[in-house]
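Quick look at what TrEMBL annotates:
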TRANSMEM  64-84  transmembrane segment
TRANSMEM  90-110  transmembrane segment
TRANSMEM  131-150  transmembrane segment
TRANSMEM  170-188  transmembrane segment
TRANSMEM  195-216  transmembrane segment
TRANSMEM  228-247  transmembrane segment
TRANSMEM  268-293  transmembrane segment
TRANSMEM  324-349  transmembrane segment
TRANSMEM  409-428  transmembrane segment
Amino acid sequence: MEIERQKLCQSTSLDNKELGVAHEVLGNERLCVNGYRKNEIIEEVKKQLWLAGPLIAVSLLQRFIQVISLMFVGHLGALSLSAASMADSFVSMTSLSFLVGMASALDTLCGQSYGAKQYHMLGILMQRAMFFQLLICIPLAIIVSKTTYVLNLVGQNAEIAAEAGQYANYLIPGLFAFAILSCQIRFLRTQNLVFPMMLVTGFTTLVHSFMCWILVFKLELGNKGPALAYSISYWINVFLLAGYMKFSPSCANTWTGFSMEAFHNIVPFLRLAVPSALMTCLKFWSFEVMIFLSGKLPNPKLETSVFAISIRVANEVGAGRPRAAILAIIVATVMSVSQCIFVGAVLILTRKTLGYAYSSEIEVVKYVATLLPIISIGDFLDSFQCILSGIVKGCGWQKIGAYVNLGSYYIVGIPTTFLLAFVLHLGVQLTALRQLPTALRKLPMALLTTTDPPLTSYCPQPTSSALRQLPRPPGNFSDLRLTSSGVSQPTLTSQLPHLSPASYGLRHLPRPRQLPLTWPTSAFQPLPARPSNLDLRLPLTHETASTS
């Protein structure tokens, strides 16, 4: 009965006769979508909420650190807000997006290592990622220090460029902290240690608010105060998480101290990290390019500040990596869409008052009220592409995702934005075009995730059960075979040994293929010439040959 129950629950389509049998077997248990039972769906929802809730809180609290800095700067005037927004966008475009993309390789590597129970590899992989992150921060810091020169070079307002360069210089120390923090977060969330991250990030956000108030209004540092508080807050977050990883029993198996093994197997890491960085940068850069385009519009102080506020307020409210199971994807999609509908409704209802949190200028508040409904629609579409992007990253298809981002954002999105902003003169309403590349991006992502390309396993050290050697051929065989047409070379074929999906942290692996195998010549011994009076049905041995 239990076997029949499992078969029925796994069935995706049942006819009328099979439905009758299903009701007899399952009794009062109701069949739901695609054969899933109601209690299975409820358990999946609970499981995802238990993991996703703290992760959403961590993501929002990290966003609040940037938003709080802009809120304090915004009350210093439109010029300070425009300069801080421009500097923040320049740093995100040239540095933070690349660091986030490189660190996202740990989502695949650490996830598969943890699933394969290679716990010590998580600490080694994190150290390897940190090394490259800090190494890359050196040229990135040099680029950030030239913010004023670059902004003047692309034709930005000279007054805004000067203020932005000053603001960006105080963000450089936080750049190195962000590089380490992005690796720590992925190290912990791979192990489902999300509540410590939420508590530490919440404490850091409170400290950041207090520091901004002191540096801006008490020490009167101007727009340099929030930037300095930004850097200090990120370093506080890094040291608190480092202390947790060092002294917490939960990380005893995954963090075993610094090791020189982190400098081994660098090429496989870069082979995954570079496409991940490219996929992330292509998306981030398209949004930041539109901010720089807004600086070329009439009244650049107002246009730039309003655009930056709209992006920060209506940014992605949550992110998750959907699992390979169809049920988990369905549950994640429904939850993400529901969340976006709720947040969009809140933004629309508070559109006339939300702008006062960032600026006291009536003109800015009116612009924010005009844009928030449009941004809500764009983020609703973002909820779908977020799920699809998670599937793409989880399956190791970052290269394909980079091509999709390139086409949707740069071949269609940005040219259309330029056309509507400078030809049709829609002005700051070019933010509505943010939803266009997102909608176009969903189409190839959906086609990609509904097909069946091979998954990619990046587990650095598979378990011993996955490394079983092929058996040696029994006895002594000749590498020549007699046929009716003469002597020919045999071709030995065998299937790959069974690979356990749990060994690689995956639920599905590609089908085994038939590969030609070449045995070493030492395993074969030539046999003497075939006697004419020997029955071919008997095995030929050395003893038989000598007696004949």
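Using N, Cα and C of the backbone, Cβ positions are placed for all residues, glycine too.
Please treat TrEMBL annotations as automatic predictions, because they have not gone through curation.
With a cut-off of 8 Å between Cβ atoms, the residues of this chain six or more beyond the transmembrane segment (195-216) that come close are 54, 57-58, 61-62, 64-65, 68-69, 72-73, 76, 185, 188-189, 222, 224-226, 228-230, 232-234, 236-237, 240-241, 244, 248, 250.
At the 8 Å Cβ threshold, with sequence separation of at least 6, the transmembrane segment (90-110) lacks contact with the transmembrane segment (64-84), having fewer than 3 such pairs. Residues 87, 90-91, 94-95, 98-99, 102-103, 161-162, 164-166, 168-169, 171-172, 175-176, 179-180, 182-183, 262-263, 269-270, 273 of the same chain, all 6+ positions outside the transmembrane segment (131-150), place their C-beta atoms under 8 angstroms from a C-beta of that stretch.
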